[in-house]
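What follows is a single structure, written as structure tokens, with notes after it.
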Amino acid sequence: MDLSELERDNTGRCRLNSPVPAVCRKEPCVLGIDEAGRGPVLGPMVYAICYCPLTRLADLEALKVADSKTLSESERFRLFAKMEEDGDFVGWALDVLSPNLISTSMLGRVKYNLNSLSHDTATGLVRYALDQGVKVAQVFVDTVGPPETYQKWLQQRFPGIEVTVKAKADALFPVVSAASICAKVARDQAVKNWQFVEKLRDLDADYGSGYPNDPKTKAWLRKHVDPVFGFPQFVRFSWRTAQSILETEAEDVTCVAVSLLQGGLADRGSGGTREDQVLLQ
């Protein structure tokens with residue numbers, strides 16, 4: 001999987017995709033959606049779709065795809081390579097969301113929680129497939145939040161498509177299993193080859209699992225927190241684990257904007273203008 005575009009700029013989001021098989025523009029297709037990296041405090045979250053004609057679903061099943069969490073890293077890479085070889089009837093697309101994008105979305109003035117970000121990303125990938133000419137007839141999704149609510153929400157957006165949302169869909173439907181493999185392969189590769197924009201001394205690449213409750217991950221976070229600038233962009237600073245470390249390891253920062261404005265008022269004379277006084281209140 002070529003992640004060179006992500007490696008050039010890993011600060012936002014990155015869309016990657018396979019060529020669309022010609023048959024997928026002619027025959028009704030089934031499409032699966034899954035993600036990798038929703039819970040970790042380190043690295044990106046990757047959403048993936050995988051699709052194939054309904055008439056070739058048995059061929060996809062014959063690859064023995066399975067929930068990516070039940071497979072070893074080598075097995076996932078082998079199955080992804082096999083799907084690439086079968087590119088005449090299997091297609092995929094990814095949306096890689098950087099830790100920086102996730103955190104700034106969640107902590108923005110207008111809150112954008114992880115569930116909403118996940119739902120919108122999944123929807124965007126379905127629309128992308130449709131825009132590429134894929135004849136999507138059925139969609140299977142591994143749920144985020146209550147499956148009934150999510151299914152109704154998706155069905156309203158794609159009224160001409162049969163939508164099924166289930167918990168553990170990656171273990172129930174082969175096309176979702178295939179999507180989960182695509183997502184996990186991409187995330188593993190992105191984490192392993194992460195390009196740090198910061199100049200970190202003594203960079204330790206042994207992050208552990210990346211999950212908040214992993215002692216090795218916590219130790220890495222404490223080692224690489226800067227007392228003034230915080231964490232590298234590899235870290236989801238909106239996660240409670242990261243925030244707790246900032247509270248104990250980083251320095252308090254006082255905003256100087258008001259002080260600068262007050263200095264400007266002093267230069268103007270007594271009290272400044274009415275507009276200036278309103279700004280200071």
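Cβ atoms here come from the backbone N, Cα and C positions, even for glycine.
Per TrEMBL, the feature domain 'RNase H type-2' maps to 28-251. Positions annotated as divalent metal cation binding site by TrEMBL: ASP34, GLU35, ASP142.
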Discussion item. If you count, for each of the binding-site residues ASP34, GLU35, the other Cβ atoms lying within 10 Å of its Cβ, which residue has the minimum?
Written reply: GLU35
Fill in: Neighbours of ASP34, GLU35, ASP142 excl. site residues, C-beta within 8 Å of centre, divalent metal cation
ILE33, ALA36, TYR47, ALA48, VAL141, VAL144, ALA169, ASP170, VAL176, ALA179, SER180, ALA183
Practice prompt. Provide the number of Cβ atoms within 10 Å of the Cβ of ASP142 (divalent metal cation binding site), excluding the reference atom itself.
Written response: 26
